[in-house]
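What TrEMBL says about this protein:
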type: COMPBIAS; residues: 63-101; note: compositional bias 'Basic and acidic residues'
type: REGION; residues: 63-149; note: region 'Disordered'
type: COMPBIAS; residues: 102-111; note: compositional bias 'Low complexity'
type: COMPBIAS; residues: 112-139; note: compositional bias 'Basic and acidic residues'
type: COMPBIAS; residues: 167-186; note: compositional bias 'Basic and acidic residues'
type: REGION; residues: 167-250; note: region 'Disordered'
type: COMPBIAS; residues: 193-204; note: compositional bias 'Low complexity'
type: COMPBIAS; residues: 239-250; note: compositional bias 'Basic and acidic residues'
type: COMPBIAS; residues: 273-282; note: compositional bias 'Basic and acidic residues'
type: REGION; residues: 273-294; note: region 'Disordered'
type: DOMAIN; residues: 397-566; note: domain 'Tr-type G'
type: REGION; residues: 400-548; note: region 'G-domain'
type: BINDING; residues: 406-413, 452-456, 506-509; note: GTP binding site
Ligand SMILES: Nc1nc2c(ncn2[C@@H]2O[C@H](COP(=O)(O)OP(=O)(O)OP(=O)(O)O)[C@@H](O)[C@H]2O)c(=O)[nH]1
């Protein structure tokens, strides 16, 4: 079922996490921190109860949103108005420019017309002057007769007119060039008024004198001859702005208008260019931004894919990684804030800590949340495991890696030997195979790698260390013996690891062999032959006679084909250590299985806390190899210490990095030793469920009878498993063994014992690995506990504390007192008022109180370890030599959060 984080829920409700936590507390809903998650059922409840608050909050939020929208709209309207005003201003500017330009054009037009007019007049006057000169010449040449007189007077009249004209021209030429047209018109008018009459009377003598060179006295520039005008025009074309002396007003206006237009055109062109370049750079910028956004989106997608491929929650990608057990100072450094800031926040949270104190995961998350930062707590296991991502196109087929499992004496070793012997390399002298913990065999030109760790203990121990190296399990079942306890264990272990099982029904050479019966028996455990419509392939073999071996190998290859096993060989190598030891002559020797990349001699590697460069590489026949590819198992020399089986290894480019990592790990391991990783317990199940995505409770059930297991399984089956699924990953009759603890550890399971006790080694291992073992004598009590843990209401107020144990060495019959056990206290100390449990071969045969406690003839209250004593048990006489008497107390314990 889905779960929701309190912080997300708070966001949804529009309140702070703290506020929501307050409400949750009022509602008595357990929640530890803002990062805790709530089950759906609680979410519904919270929503219902907080409905009025949420609605009011929603209304507030809605109102705020509306106000914001309103403000946005107002801002938009203002922006639109501003834009419109700017547009209008620009238009007005353009209009003004257009008007000015038109005026300038009109002025230029007028100037041109005036110039033409002036030229036309000048030409006319010049023609007249020429005609007058001609007449004068003729007059002088004509004889003085009457008709001649008349003709002379006519010539005189003409000459007079010419004088008037010339004077007028001289007067005009004397005027400055810049005079306005109206001025000129006015003066011309005035002059005409004063001179008209007189000119006709005294003019002839002067006229005659002056008429010889009519055009010589005229100013050079006016009236301009067509030639000069042409020159002037030409000069103006190339002239600089200053060089316009003698230019008339209209010409200047025309020039200015022309210059104005040219400059305006240029300015417009420049502006257009600028605008265009701005636009294009804007477009370029936009394109660039778009490309960057696309690249970022693609990178993000890639990151998510990589994360998913590595089993990481993509939501955690942006989170800062914080190791478990970080100190205040370290967290400050990671989050790049001052340690004081964190200390202050911790203080406000009611948990004052100093710089060097370690913080719990909850505190780290709370502080980070407070700082608005996202963190991901990295467990030691995660920190020590490498994860890689390969592009699908880089992946190539790789051989399968197989582990053989089965009950004692069903022939695991014989089968592995048989497989190796049918595969002795032709060139190998004597075919001697060395034990390196793994072997590669060839069939039909294809490789299969067998990991020689017969038994599920080793397999699960590896898995517990995070090494998932096996692709296929070959389950060996003797055809004459059938399914036995360890067969079932092996099935459960393989299933827990999610590895497909191929069954090798062994010892088929034996006359009493009944392979079909084996098939039949296995169906009860969910192992159903393919030929019966199931998922598992079965092969009948005889390890002793070497029969069916090839068939088995081919079946393995078939299974491998189904699995489509792939790895990237073209990268630096990584994988797992299968076996390692200290060799007297060669130093640390490790067999490793390459799972990715190719390992070369000379590569620097880190394996767990060891590092070094690969000095030599050998295969199982002792032959030197230069490289090992995915699924290859090789023995290597060159590490500085002996790594542990199951450790991951990887190649490092820089030897210094390798050493740093190995040393860091060694240091961490020492710290971890003091601060062991806690596995789930019934008491903390609910918290784990809310904090981590734990939705399954795994149980290993051991009981004194098959009936008890069935009864428990039945009751569990009837529980509501909608929020947490309860899996019995392994159940068997018998004492709780070390293997059970290993399996529980690897699967984060709780061990439940009914009427059985853990073996001493199992108890030690459970203590060491923090695996919880709960023992019960009544089934409903166990069911009650599991159910309470499931719904998060377990409130253990009583806890059993073992005080000591004693071994029964002898028994005596004492009148009145009954049977007295002569015991040796082997652990702790036993008190007279302790409770006692009689354990025989790991099974509890009685649970009660002591009836008497004596040392020699004296009644005593306490006996310590290493002392003998006589113990009587109330209402129990059936004490036997070899029984273990476990003394314990029931103490009141407050529930630890
Ligand atoms: N007849 C017969 N005997 C076999 C066969 N395979 C193994 N055995 C015998 O069964 C006994 C046990 O074989 P192992 O190979 O040691 O069995 P195991 O499962 O490795 O035993 P452990 O390592 O003790 O768990 C030996 O005496 C073998 O000779 C077989 O195919 N036929």
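The backbone N, Cα and C atoms fix where each Cβ goes, glycine too.
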Other CB atoms, at most 10 A from the CB of residue 508 (GTP binding site): 22
Sequence-ordered binding-site residues from 409, 412, 508 with Cβ under 6 Å of an atom of ligand 1: 409, 412
DSSP helix/strand/coil residue counts for the region 'G-domain' (400-548): 45 helix, 39 strand, 65 coil
Reported mean pLDDT - the domain 'Tr-type G' (397-566): 85
Helix-strand-coil residue split for the compositional bias 'Basic and acidic residues' (63-101), DSSP-based: 39 helix, 0 strand, 0 coil
Site with most surrounding Cβ atoms, counting all protein chains shown within 10 Å, from the binding-site residues 409, 412: 412
Protein Cβ atoms within 10 Å of residue 406 (GTP binding site), excluding its own: 26
